[in-house]
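Under the heading L-aspartate binding site, Swiss-Prot lists Glu174, Arg220, His443, Arg484. For 198-201, the entry in Swiss-Prot reads region 'Aspartate', with the evidence type sequence analysis. Feature annotation from Swiss-Prot assigns ATP binding site to Arg220, Asp221, Glu222, Gln229, Glu477, Gly529, Leu530, Asp531, Arg532; the stated evidence is sequence analysis.
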Amino acid sequence: MKRSMYAGRVREEHIGQEITLKGWVGRRRDLGGLIFIDLRDREGIMQLVINPEKVSAEVMATAESLRSEFVIEVTGQVAAREQANDKLPTGAVELNVTALIVLNTAKTTPFEIKDGIEANDDTRLRYRYLDLRRPEMLENLKLRAKVTHSIRNYLDELEFIDVETPFLSKSTPEGARDYLVPSRVNKGHFYALPQSPQITKQLLMNAGFDRYYQIVKCFRDEDLRGDRQPEFTQVDLETSFLTEQEIQDITEGLIARVMKETKDIEVTLPFPRMKYDDAMALYGSDKPDTRFDMLLQDLTEVVKGVDFKVFSEALAVKAIVVKGAADNYSRKDIDKMTEVAKQYGAKGLAWVKVVDGELNGPVAKFLTGIQEELTTALALEDKDLVLFVADTLEVANATLGALRGRIAKELGLIDNDKFNFLWVVDWPMFEWSEEEGRYMSAHHPFTLPQEETAHELEGDLAKVRAIAYDIVLNGYELGGGSLRINQKDLQERMFKALGFSAEEANDQFGFLLEAMDYGFPPHGGLAIGLDRFVMLLAGEENIREVIAFPKNNKATDPMTQAPSTVALKQLEELSLQVEEDETSKTN
């Protein structure tokens, strides 16, 4: 029998109609000789009523055999419920069943198919096809589909061209580790799965496409956390002949369209802009959450003369004031925060509380001589808690930035209904890597330096600034972009500044340098992390909740058991041999 409609779309207007529905048994209840079934499909739940006086004995017997997650087909007449259920869109109606067919049976599921379950993450991923039956997961993925639909429509209207770029590409040394794919035909050679389509989209600009976009999978072999996956999706854009401002305007329009069409929220344009240095100084983060205050305060000069060497001899002393929170945090609580501070490189965490107009705490005695100045500088009031970090400027900023976010969550200072977008601009071109012992690209080596600082490519790399811009939402980096280098000599200087010899640069990027001999236009672009964007729109805290089949935090798939070993014959075809580690040898 042909399905008449989705179960979740039956309404009062259908009363009196005979319809056929198909779906899963959510719940079965026997009451006063009647059997009630909650039939579930992707659009919602519909109540079925099976009355022994109105159906055959065969239908009744079938109804009595039903269990959760059986797949069924039912035909019957839509009727008004005696008592409506206001919690369901279908709550005013029910279906009086006249025919019932079991399309498939089901074993008892490892967890209930409902929202708010307490199953652990690996169990949910092991049975992801069951987890995805839950309404909240289904709604998350429907939201994702709406977002991509909105994005495509917007970019199509602006005459962007959707172009697919290769997944089997060349490994390059900058950025995160590549996922490598061995070549059977070219033994000893490897493809890399792209971390982004960066170079290929730039080459499309050289080819004259002018405006390119792609909603594309990217791959990075890096340590995982709540907002990262080894394979992720980004909305990738590139344009020719546009300024930084024009690219940002297009991006803001895209986000405004998505927010309106998926959340019915009107966002204010243009988005605020904040310089990188200001973001670090005031928020301790290059992706500041501006939904709450608690800004970082620089006290380096204020505490210079105190008789406390930790402060007076520190390169930087910074603080945050947690308003009215003195009673919220015990010594034990602050000790826990001190451990967090140490994770960010700080040697410790100093603190005072304002009690009856006086400073109290372990370092209060060193601050009595500057109490008035400190009170004015920090606008202190009774019951305030002040947290200090004395260290390098970088460590002080990072530590207090992390504590700021943690405390705001603990005290409920964040309005979760707010969507605060902003641009972080005027980025450093390079950042120092302690692990590598050298400067590395803050974004990537194709970013155009600001003209007035480009001469420092042969001088102090810390002074080189990039024409780069990140878009931030509620403390998350939503995406980033830049204008790109289109002059060969400047690109060669950039590679040299990063430590590449001419031979190494040519080996890794010779095809790009060659392309710059053929009229490469000025160009720039941006990429938005789709998974992260949808996560924030859905109010989730982990991007796994908006990806159909994600990996766990060990980069494995508990359902398919990927990654897995492969047959020896497959390895031989690729001229590969797997070395056993010492643990394997002893087991």
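Glycine too: its Cβ is placed from the backbone N, Cα and C atoms.
Positions of Swiss-Prot features highlighted on the structure.
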{"residue": "Arg220", "record": "L-aspartate binding site", "CB count, 10 Å": "20"}
{"residue": "Glu222", "record": "ATP binding site", "CB count, 10 Å": "14"}
{"residue": "His443", "record": "L-aspartate binding site", "CB count, 10 Å": "21"}
{"residue": "Glu477", "record": "ATP binding site", "CB count, 10 Å": "17"}
{"residue": "Arg484", "record": "L-aspartate binding site", "CB count, 10 Å": "23"}
{"residue": "Leu530", "record": "ATP binding site", "CB count, 10 Å": "25"}
{"residue": "Arg532", "record": "ATP binding site", "CB count, 10 Å": "23"}
Span of the ATP site, taken as the largest CA to CA distance across Arg220, Asp221, Glu222, Gln229, Glu477, Gly529, Leu530, Asp531, Arg532 (Å, rounded to a whole number): 19
Integer Cα-Cα distance in angstrom, Arg484 (L-aspartate binding site) to Arg532 (ATP binding site): 25
Mapped DSSP class for His443 (L-aspartate binding site), helix or strand or coil: coil
Rounded to the nearest Å - Cα separation of Arg220 (L-aspartate binding site) and Leu530 (ATP binding site): 15
Closest of Glu222, Glu477, Leu530, Arg532 to His443 (L-aspartate binding site), Cα positions, binding-site residues only: Glu477
Three-state composition of the region 'Aspartate' (198-201), taking helix and strand from DSSP: 4 helix, 0 strand, 0 coil
Local confidence of the prediction over the region 'Aspartate' (198-201), expressed as mean pLDDT: 97
